[in-house]
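Each remark here refers to the structure printed beneath this line.
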């Protein structure tokens with residue numbers, strides 16, 4: 001998590017229409033909020049690995065190795081259940097921490113104390129947390145499902161052929177490929193999650209009224225109305241499309257692919273080293 005954190009910060013800033021590196025904070029700014037990220041990602045990845053291994057053991061209980069799994073026996077429903085279970089398990093811990101993390105990365109919050117007060121202890125906190133939770137579930141469930149499926153399918157079809165690499169090495173390579181593919185496909189969902197968590201409570205509707213005379217001449221009255229959560233979500237989506245079209249939903253995709261591929265691969269290698277039991 002620490003090694004790939006700068007990539008995550010750069011990705012979040014790109015998704016919000018900012019430069020990848022803050023001009024005022026420089027490289028050091030890429031590490032702001034790393035403590036929150038560590039507290040969020042370590043248990044998240046541990047749960048994902050454990051659930052994945054449990055599901056794999058269930059599917060492969062009658063086989064010796066993953067490579068022996070027959071094509072027709074891939075249990076896709078088990079992988080979907082694993083993705084839902086792992087995402088839901090960590091979501092209640094993950095959501096408030098990621099909400100804090102993204103606002104710190106975006107430079108909207110200067111300190112943890114002000115972040116907690118503004119994001120978690122204000123009247124708008126409940127709808128913001130609810131929409132953030134939905135955005136994270138919609139983003140992470142398909143991402144985990146795709147990763148599980150891709151890794152298992154690559155093992156099943158002997159993607160690298162009869163390689164001299166060990167099964168452990170193949171799993172590491174396929175984890176990198178699966179993580180990269182799943183990250184790219186779910187980039188639009190990640191972008192929407194980033195914008196919901198940083199912009200949902202700031203959307204306003206500007207309405208121009210009738211022309212009237214003022215001390216400065218002829219002018220029109222202007223009124224501002226704060227939008228509700230659903231209206232804000234719709235406006236965020238419309239603004240993203242109007243500015244960049246469909247490409248706008250893939251902002252930061254390369255940074256996301258690199259970050260997810262590196263984080264998942266390193267985590268998998270550490271997990272396998274600590275729990276190496278020959279499976």
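The backbone N, Cα and C atoms fix where each Cβ goes, glycine too.
Curation does not apply to TrEMBL; its annotations are automatic.
Cross-referencing 33-53, 54-74, 75-95, 201-221 with TrEMBL places the feature transmembrane segment at 75-95.
Among the ranges 150-168, 169-187, the stretch that TrEMBL annotates as transmembrane segment is 169-187. Of all ranges given (116-138, 231-253), TrEMBL attaches the label transmembrane segment to 116-138. Among residues of the same chain six or more beyond the transmembrane segment (169-187), those with a C-beta under 8 A of the stretch's C-beta atoms are 66, 139, 142-144, 146-151, 154-155, 159-160, 163, 249-250, 252-253, 256-257, 259-261, 263-265, 268-269, 272.
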